[in-house]
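According to Swiss-Prot, the protein has these features:
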{"type": "REGION", "residues": "1-64", "note": "region 'Domain I'"}
{"type": "REGION", "residues": "65-140", "note": "region 'Domain II'"}
{"type": "REGION", "residues": "140-144", "note": "region 'Flexible linker'"}
{"type": "REGION", "residues": "145-194", "note": "region 'Domain III'"}
Amino acid sequence: MIGRLRGILAYKQPPWLVIDVGGVGYELEAPMSTFYDLPDVGRDVILFTHYAQKEDSVALYGFLREGERRLFRDVQKVTGIGAKIALAVLSGVSVDEFARLITSGDITALTRIPGIGKKTAERMVVELRDRAADFSSGAPITGQLGPDAVSEATVALQQLGYKPAEAARMARDAGAEGDEVATVIRKALQAALR
């Protein structure tokens with residue numbers, strides 16, 4: 001089991017990143033919440049990981065905060081939810097916001113997260129309500145991202161399941177001159193939840 005990786009960030013392009021640990025490059029899939037706060041390529045990084053092995057595949061997921069990894073694991077315990085939707089949850093809302101939505105039973109807001117319909121949202125509320133208070137996001141880590149924020153945000157939104165035209169519109173509407181990628185993505189996802 002691989003629980004944590006510490007190394008040099010060698011590559012990042014949502015949803016994938018590569019960490020060089022002693023000359024071995026570990027490829028991980030990560031939610032946008034992690035990408036928001038990653039350091040620049042070539043810098044040291046520590047990620048909490050989740051190792052998943054299925055009959056025909058092996059996957060490694062990375063998170064900057066233990067609370068994100070815990071939420072990722074807990075969301076997958078809900079009937080009918082897998083890693084793809086768990087990543088969409090972490091990409092769409094913060095851990096604290098998700099806990100608030102579950103505690104308050106806000107089905108409408110949950111259905112705005114890509115891949116979550118009304119029945120899935122209802123199941124999530126029922127199955128996670130008792131554990132919602134245990135979700136903790138931890139302290140944020142500051143990160144810097146590239147200059148062409150709208151273009152990079154468009155690609156990231158497509159990776160989250162939005163159609164190319166919709167992703168481009170969302171990024172364009174959310175972006176302002178000089179914005180970082182994380183800011184554009186965050187604004188676009190928040191606008192989609194309204």
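Backbone N, Cα and C atoms are what each Cβ position is placed from, and that goes for glycine too.
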Tally of residues which DSSP labels helix, strand or coil - the region 'Domain I' (1-64): 5 helix, 38 strand, 21 coil
Helix, strand and coil counts within the region 'Domain III' (145-194) (DSSP): 35 helix, 0 strand, 15 coil
The region 'Domain II' (65-140) - residue tally per DSSP class, helix then strand then coil: 52 helix, 0 strand, 24 coil
